[in-house]
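**Student:** Sharing a structure here in structure tokens format.
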Amino acid sequence: MILSCRSVATARGFLLSTRLIMGCAVSQESAIATVSSSSNTATTSTSSSNTSQKWATSRTSRPVTNVTQVSAIHTTSMDSGSSTVQLPSPRGSLTTAVSTSSSGAQRQMSANSERSLHTRPLSETAVILQSQAVKMSTGAGDSAVYEAVERGSLYSLDYRVYIKGPQGIVSPWHDIPLFANKDKRVYNMIVEIPRWTNAKMEMATKEPFSPIKQDEKKGVARFVHNIFPHKGYIWNYGALPQTWEDPNHVVPDTGAKGDNDPIDVIEVGSKVAGRGAVLQVKVLGTLALIDEGETDWKLVAIDVNDENADKLNDIDDVEKVYPGLLAASVEWFRNYKIPAGKPANEFAFNGEFKNREYAEKVIDETNEYWKTLIKEANPSLNTVSRVPEAVHQGTDEAAATAIGATPEHGANAPLPGDVDKWHFVQG
């Protein structure tokens with residue numbers, strides 16, 4: 001069975017339409033990818049040969065302006081050739097608006113369809129990367145295989161994704177090289193959150209081997225709210241390995257300290273990546289988010305295997321290829337905490353994106369901070385790794401202990417009842 005899903009968003013007078021055709025074993029929560037690479041080439045495949053996605057943009061003479069119109073789009077049946085799928089419709093919002101353009105049966109059908117996309121687990125070997133480093137190092141290497149190993153239950157606080165390399169369990173933060181190809185400035189990116197999902201995942205920087213886990217607040221797993229017209233995260237979201245935004249350093253251009261995390265990346269390509277995937281990306285620019293008084297860089301990147309990668313070489317190219325996406329990204333980062341009762345986020349540079357050259361200087365700087373961090377005898381974060389320069393060396397015994405402290409991979413925990421709810425933000 002082939003499913004066809006479409007999400008729609010409006011920005012700057014454009015209707016931005018994204019289409020994803022998925023095999024029944026592939027979804028936004030369970031994409032299985034195999035990536036191989038050399039110094040010059042890389043290919044990506046999924047468990048279904050029919051899997052594809054293309055961004056398309058078109059002007060609309062009548063932009064969507066109200067909830068009824070939008071929900072009509074979201075409840076339209078789409079025949080994919082072998083089955084008809086109802087797309088998800090909104091079921092209320094923070095500010096009262098609820099769709100009335102579809103029947104209750106239609107809304108329930110579409111809600112069930114959307115929920116099925118959230119609940120399929122990753123495979124035990126969900127993502128395998130062939131890159132270039134036999135020996136983990138602080139620079140580019142030359143041949144390695146990584147696979148994602150799940151523990152615990154997805155959507156619960158015991159969920160972990162460990163990364164296994166040729167030496168055994170490794171830290172995706174410390175052991176995967178920053179560069180996939182240093183000469184061409186191609187970086188490795190660890191995917192923490194696939195596009196269109198809501199579960200807020202991150203590398204656990206205080207745990208040995210920094211597995212990916214679900215963020216929590218007051219003992220409850222965190223999910224981002226859907227800010228109209230978006231669904232979950234609107235890009236593949238993750239981080240660059242071997243980087244660190246030093247909280248003891250005030251960034252001169254922003255006037256704020258680093259946020260104590262690896263540097264974040266939004267990958268804007270045409271495919272939904274799997275959680276734990278390691279993508280080869282080129283960086284196009286960066287946005288300087290000021291999050292609760294801290295500098296929180298958001299790098300903009302494109303998978304080098306993407307169909308549009310050759311067209312995207314700097315930040316100005318993004319607007320040409322994906323018109324409206326940068327504006328939507330600023331809007332998303334500004335507003336995503338508002339439904340939780342927090343104020344809107346702020347930005348340095350008035351929310352303007354900096355170009356590729358600027359972004360790469362930021363990356364180089366955060367890489368140097370990371371090199372200093374792993375040499376500290378008493379670091380504030382966990383720096384256990386297999387890189388020779390690290391003071392705290394990782395061992396197979398330590399890895400076995402870390403994994404042994406987590407439960408076996410089990411059934412998914414229930415999703416929150418409001419995970420599909422749309423929230424509307426004014427102003």
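From the backbone N, Cα and C atoms, a Cβ is placed for every residue, glycine too.
Keep in mind that this is a model prediction, so the values were computed, not measured.
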**Student:** Asp259, Asp264 show up in Swiss-Prot as binding Mg(2+) 1; which entry in Asp246, Asp253, Asp296 does that record put in the same site?
**Tutor:** Asp296
**Student:** What other residues of this chain sit with their CB within 8 A of the center of the CB atoms of Asp259, Asp264, Asp296, the recorded Mg(2+) 1 site?
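**Tutor:** Neighbours within 8 Å of the Cβ centroid, excluding Asp259, Asp264, Asp296: Glu245, Gly258, Asp261, Ile263, Leu289, Asp291, Glu294, Thr295, Trp297, Lys298.
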**Student:** Measure from the Cβ of Asp264 (Mg(2+) 1 binding site) and count the other Cβ atoms within 10 Å, all protein chains considered.
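**Tutor:** A 10 Å sphere around the Cβ of Asp264 (Mg(2+) 1 binding site) contains 22 other Cβ atoms.
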**Student:** Does Asp296 (Mg(2+) 1 binding site) have same-chain partners at least 6 apart in sequence with Cβ under 8 Å from its own Cβ, and which are they?
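**Tutor:** Residues satisfying the criterion: Glu245, Asp259, Asp261, Asp264, Ala288, Leu289, Ile290.
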**Student:** Sort Asp259 (Mg(2+) 1 binding site) into helix, strand or coil using the DSSP assignment.
**Tutor:** coil
